[in-house]
Amino acid sequence: MNKDNTLYCSAYRIAFFSEIGIGISANSCLLLFHTFMFIRGHRPRLTDLPIGLVALIHLVMLLLAAYITEDFFMSSGGWDDITCKLFIFLHRFFRSLSVCDTCMLSVFQAIILCPQSSHLAKFKLNSPHHLSCFFIFMSIFYTSISSHILIAAIATQNLTSVNLIYITKSCSFLPMSSSMQRTFSTLLAFRNVFLIGLMGLSTCYMATLLCRHKTRSQQLQNSKLSPKATPEQRAIWTILMLMSFFLIISTFDSIMTYSRTIFQGNQSLYCVQIPVAHGYAAFSPLLVLNNEKRLTSLMISMYDRIVRLESLCS
């Protein structure tokens with residue numbers, strides 16, 4: 001390995017693990033915040049459970065990604081077949097949970113916001129139950145499409161083999177036949193189009209409701225809207241930003257995946273795809289925390305308690 005390649009690998013390693021570090025810290029804060037709010041007995045919002053769940057999923061997924069990617073920089077492979085299959089399949093499994101939970105969150109928020117005259121209003125009472133069943137079903141379906149990893153993932157024995165698609169120094173994918181590749185490509189395309197399309201529709205629906213709400217508020221007040229947003233509007237904007245960010249990341253990830261298939265697992269494309277694929281898991285909790293006004297109230301309350309304790313002890 002020459003000096004330029006060494007510098008490139010070092011810079012890439014620092015950049016990727018910085019992203020992973022930010023993601024782990026942000027998801028841990030978001031998960032602890034929702035846990036603490038639940039322990040304190042605050043009345044939870046209907047979207048708190050899906051957001052807390054996706055924070056936990058992203059936390060585990062990023063830890064797995066860090067462990068798998070560390071093997072990418074090892075001087076020699078050290079995993080066996082079982083380890084490769086286990087870690088790569090678990091990573092894909094938690095990615096599927098992330099996508100399905102994000103889709104469930106967008107649909108759930110759209111159902112909550114729909115007016116009573118809408119056909120979606122009849123799902124309001126039973127929406128948590130229905131969406132939980134939908135989440136479980138889609139997670140199983142999403143993961144089953146990636147079940148071929150249990151067969152295709154193997155420990156890399158010879159780095160000079162031209163038939164393998166390299167994932168890390170220790171793990172590779174066996175090449176698939178053209179018929180199997182077409183089958184899995186069709187299933188993957190159907191899966192992505194369905195989930196991303198569902199999220200896109202629910203996002204557009206929420207944006208439409210938000211615009212209508214602003215228009216009606218302006219008509220009632222006969223003036224410009226107050227710059228202070230209501231909690232409901234902040235919740236809508238948070239979900240809209242999450243969905244928009246997810247759709248952008250998913251589009252880039254799909255393009256990179258397709259490009260890797262065309263160019264037979266090019267390593268440079270894989271190096272670009274890794275941080276792109278984990279961008280949503282790493283930075284989405286920052287969007288939620290930035291728009292979470294309850295966090296500010298919680299921090300002020302904790303600060304007041306610390307000040308009181310210090311005054312009592314002194």
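Cβ atoms here come from the backbone N, Cα and C positions, even for glycine.
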- Message: With the disulphide bonds as Swiss-Prot has them, who is the partner of CYS84, out of CYS9, CYS171, CYS204, CYS211?
- Response: CYS171
- Query: Checking Swiss-Prot: are ALA15 and LYS293 on the same side of the membrane?
  - Reply: no
- Item | For CYS84 (disulfide bond), the number of other Cβ atoms found within 10 Å of its own Cβ | 25
- Task: Using DSSP, break the topological domain 'Cytoplasmic' (40-48) down into helix, strand and coil residues and give each count.
- Result: 1 helix, 0 strand, 8 coil
